[in-house]
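Colleague: Below is a structure I'd like to ask you about.
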Amino acid sequence: KAVTTVFQVVYFTALFPYVVLIILLIRGVTLEGARDGIEYFIGQQSDISKLYNGEVWRDAATQLFYSLSTAWGGLIALSSYNKFQNNCYWDSIVVSIINCLTSILAGFAIFSILGHMALVSGKKVPDVVDEGFGLAFIAYPDALARLPVSPLWSILFFCMLLALGLDSQFALIETLTTTIQDVFPKVMKKIRIPLTAAICAVLFLLGLPCVTQAGIYWVNLIDSFCGGWALLFAAVLELVAVIWIYGGNRVILDIEMMIGKKHWIFWLWWRVCWYFVSPVLLAAILIWSLVTYETTTYGGVGYPQWAIILGFLMVVFCLIWIPIIAIVKVIQAKGNIFQRIASCCRPAENWGPALVKNRGERYKDMKDDTVKEEDKGVEIHEIKGFDNVSFQRD
């Protein structure tokens, strides 16, 4: 029920930003100087030399991960509520295309108005464009304030940012609550609402330092390290775990159980991406950004050495649980060290579709360790398997 309510709210919070972007785009392209801003965004004035910077590629990769919720856990958590026969392949293609087109749309809307601001202030476009948070909270609001009827455009813009922020929080909070629900299904049925409120309260308190006078420096530090390198590390490890350990061919068979049998040519491109292109590209970006790393700065001011060390410690804290849990699982397994590692790299006996009717021949002999719950009058069977993530919550 909670997930259904969230989805209903998302219909507004996801669509409203598009309405605002289109309004701002129409207003922006009609302003004098808009062409210069667009040329800087994607045109002859673009600074192509930025592509030689590893930080730019890292930021681009993490932005894609963030906007698509890849490697954050959101995709696994929310997709587990889909019907078993849902065409996840088509969904992934459509969402990826819409995500990229949205970024382009936002770029045109933002830089058209920044181009006008450059003309009015008598500066070049690069001189009025700020990076990161400065673009959203300083440069662009300043540009909107120079337009006729400026309060209207400012209200629309910040309402759009609020809706986008709520969208992100829905996915992140639901990832936490869904994970807890998979581990403690009976308990979560009774305390889901209080627990969700408690999680929101704790995260709110943790976020208070980010709204102090030095808050923007904390936000930039956390975003640079936890939202950058930690995410890339997690993405590479996740890809290796799913494709190389669990097995890409197994993933294909699991997907075909949901969307139907496909010709081997259909999967050729995905095999190339899963086994080679994606891990090599991500590893290259990760290593490149580390090798070419320069001291983190904000507003032209470099961070002190203790802050850089703190940033790397945050990355370590985010990732250290992966080897810790791996060691615990190996210790708990039976046999010699090689047998233990091998058993930990295989799916659990109760890994498979949650509902018996969806298991088919592939999972007909799986261990039936179900937890029965009532949800909207329908009996729910949850199976916890590989890495304690339910294959299907129908």
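Along the chain as shown, residues are numbered 1 onward.
Cβ coordinates come from backbone N, Cα and C, glycine included.
Below are the features listed in TrEMBL for this protein:
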- 6-26: transmembrane segment (TRANSMEM)
- SER67, ASN99, LEU164, ASP167, SER168: Na(+) binding site (BINDING)
- 93-114: transmembrane segment (TRANSMEM)
- 152-173: transmembrane segment (TRANSMEM)
- 193-216: transmembrane segment (TRANSMEM)
- 228-247: transmembrane segment (TRANSMEM)
- 268-291: transmembrane segment (TRANSMEM)
- 303-331: transmembrane segment (TRANSMEM)
Colleague: Per the 3+ Cβ pairs under 8 Å rule, pairs at least 6 apart in sequence, do the transmembrane segment (6-26) and the transmembrane segment (228-247) touch?
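Modeller: Between the transmembrane segment (6-26) and the transmembrane segment (228-247), contact is absent.
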Colleague: Can at least 3 Cβ pairs under 8 A be found between the transmembrane segment (228-247) and the transmembrane segment (193-216), with each pair 6 or more apart in sequence?
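Modeller: Taking Cβ pairs at least 6 residues apart, the transmembrane segment (193-216) and the transmembrane segment (228-247) are not in contact, as fewer than 3 fall under 8 Å.
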Colleague: Beyond SER67, ASN99, LEU164, ASP167, SER168, what residues of that chain have CB atoms within 8 A of the centre of the Na(+) site's CB atoms?
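Modeller: Everything else in range on the chain: TYR66.
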Colleague: Take the transmembrane segment (152-173) and find every residue of the same chain, 6 or more past its ends, with a Cβ under 8 Å from one of its Cβ atoms.
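Modeller: Non-local partners: 6, 9-10, 12-14, 16-17, 20-21, 23-24, 27, 66, 69, 72, 74, 77-78, 136, 140-141, 144-145, 196, 199-200, 203.
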Colleague: Since the record lists SER67, ASN99 as binding-site residues, which of them has the fewest other Cβ atoms within 10 Å of its Cβ?
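Modeller: It is ASN99 that, of the binding-site residues SER67, ASN99, has the fewest other Cβ atoms within 10 Å.
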